[in-house]
Amino acid sequence: MRTSIATVSLSGTLTEKLAAAARAGFDGVEIFENDLIGSPLSPEEIGERAADLGLTIDLFQPMRDIEAVPADEFARNLRRAEHKFRLMRRLGADTVLVCSSVSPYAVDDDDLAAEQLRRLADLAQEAGVRVAYEALAWGRHVSTYEHAWRIVEAADHPALGVCLDSFHILARGSDVTGIESIPGDKIFFLQLADAPQMALDVLQWSRHHRCFPGQGDLDVAGLVRAAVRAGYDGPLSLEVFNDVFRQADAGRTAVDARRSLTLLHESAGLTAPPAPVVPTGFAFVEIATADTARIAPLLTALGFSRTARHAGKPVDLWEQGEARILLNTDTGSHRPEPSLTAVGLESPDPAGASARAESLLAPVLPRRRAPGDAPLDAVAAPDGTEFFFCVTGRPAPSEGEATDSSGFAGSPVRAGWTGDFAPAPHTPAPIGITRVDHVALTQPWHHFDEATLFHRGVLGLRPHASVDLADPYGLLRSRAASNEDGTVRIALGVGASPTEDPARGGRPQHVALVTDDLVTTVRRALAAGARMLPVPPNYYDDLAAHHEFAPGELETYRDLGILYDRDEKGEFRHCYTVTTGRVFFELVERSGGYDGYGARNAPVRLAAQHALAE
Ligand SMILES: O=C(O)c1ccc(O)c(O)c1
Ligand SMILES: [Mg+2]
């Protein structure tokens, strides 16, 4: 279906908003009156600008407090409407949105509302425009779509229909199946917005916390399906009032919005992008550092060995079990401190994953690869982290196929990305780490919703509930996304962080590593010289109040700085290294199907990191 976006959803001047919407691939826009009033361009010039950009003006809005008012008030409203209808002709907009009245003069009289809307529609018809009546969830007497439709049906005028807005409908918990009994040609417009579930006054909720479909908790796709079944064939238009988007870069927001609509088309059973490809594990985590000496000793103490070096680039592969870390010293001058720059995801279909990413407007990265390297498909996430779709340990090609000088088969059938690496002599000294558990990526505060949608839509992960974690200097919001069996887990965090140091390039990220026996692994790490994060004794007093431990168990945890959590399924033991540059490591032991991340311990960890950074 055609796509549209309300100018209120984007930041900037009207011309900036139009340009951003067009660049992101929208077909049309809803023009908010305030954007027009504040523009130096005449209505004709705005219409021309939109047309030059290939955008239609699908809606002009809003007109307020029109209906069910005393006669003298209504006469003034008609005068105002006449003026606006002329403006719409100059602009080239043929539909106007009329919100249900919030006026103190409005009376609870459906017959009067229908009669006055009919007279408004007469005037609109003369001016060659149509009126779409929308029930605001906080309308004085009309606050549901069913009620708005009863009035429109009674008015029975060809230039009068309803505007359905998913926020107003779903925020009130209305049943959307009633939409199917509205004739499709009387649904003049469909506005779409999602929102996180909040126990908030509905007006405040609507004006500040709307988000793009797929970023909140409302079933926007179900509503779209109902409207399509009713026969609606107009644009799917995003109308998102959001404090963050009002400040963010309009170009980026428009791309995020357009991605949301593509995913909405998919979940509503309309057109679908290439199918999602769910990753099946971590292939590698890449840390960039100008100087490997900054991080190599820690990796060694954690039991990693440098097993291979890239044939053509200054990149070392460090391995232990199935945990693989790339140390990349090709950082340029802007990233001297160790930082987490890329994640390799095991993909059953890298080309398919890349095709989906591209159709969802994810920035597909230039290959920057030498001829002969294994092809790697990669995209940039909203925080700049590069995600590679790869296959590790692809079976060696059969006898007789061409091999290159390194002994590996030539492209395209070669041993996956590891085929680009030449083995390095090493003596393994593992300490029990088996694989990567999760990667924690801190997000720029104004890209959190975008990042959630990206990880779900582009990477094929399922987002979990968002949790708020107390930090001595603020609140950290964290939201994990994972595949079904938990072999890929990414924790997205945003908010103040005690160890944030802009001079070092931002907040720390971390890599969590799995061990089946944390106590033994930590002892070995400490013996090998790893510096672990000290945990205050008060934490263990508190732990003793909450749980019973075997004799000596709690003391062991206290000695080693191990944190503990339990859920209905199992137990979680974890601890942290100190931070190096922008990176630290977590060691985790999950047992019995524990599915969380130790959220209750996060405030202690954040405080401990802060204490150390002082
Ligand atoms: O918040 C408002 O006033 C408002 C205005 C126009 C809309 O379409 C809407 O959904 C809300
Ligand atoms: Mg609306």
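Glycine residues also receive a Cβ, built from the backbone N, Cα and C atoms like all the rest.
Straight from TrEMBL, the features:
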- Glu134, Asp165, Gln191, Glu239: divalent metal cation binding site (BINDING)
- His438, His510, Glu586: Mg(2+) binding site (BINDING)
- 281-392: domain 'VOC' (DOMAIN)
- 435-590: domain 'VOC' (DOMAIN)
His510 (Mg(2+) binding site) to Asp165 (divalent metal cation binding site) - Cα separation in whole Å
41
Whole-Å Cα distance, Glu239 (divalent metal cation binding site) to Glu586 (Mg(2+) binding site), is 41
Distance between Glu586 (Mg(2+) binding site) and Gln191 (divalent metal cation binding site) at the Cα atoms, whole Å?
44
Would you list, in sequence order, the residues of this chain other than His438, His510, Glu586 that have their CB within 8 A of the centroid of the site's CB atoms, where the site is the one recorded for Mg(2+)?
Asp437, Val439, Ala440, Ala491, Val511, Ala512, Leu513, Phe585, Val588, Tyr597
Count the other Cβ atoms sitting within 10 Å of the Cβ of His438 (Mg(2+) binding site), across every protein chain shown.
22
CB < 6 Å to ligand 1, subset of binding-site residues His438, His510, Glu586, seq order -> none
On average, what pLDDT score does this prediction assign to the domain 'VOC' (281-392)?
89
Where among the binding-site residues Asp165, Glu586 do you find the Cβ with the fewest other Cβ atoms within 10 Å?
Glu586
Cα distance (Å, whole number) from His438 (Mg(2+) binding site) to Asp165 (divalent metal cation binding site):
38
Can you list the residues of the same chain, besides Glu134, Asp165, Gln191, Glu239, whose Cβ falls within 8 Å of the divalent metal cation site's Cβ centroid?
Leu97, Cys163, Leu164, Ser166, Phe167, His168, Phe189, Leu190, Leu192, Ala193, Ser237
Roughly how many Å lie between the Cα atoms of His438 (Mg(2+) binding site) and Glu134 (divalent metal cation binding site), rounded to a whole value?
45
The sparsest Cβ environment within 10 Å, among the binding-site residues Glu134, Glu239, is found at Glu134
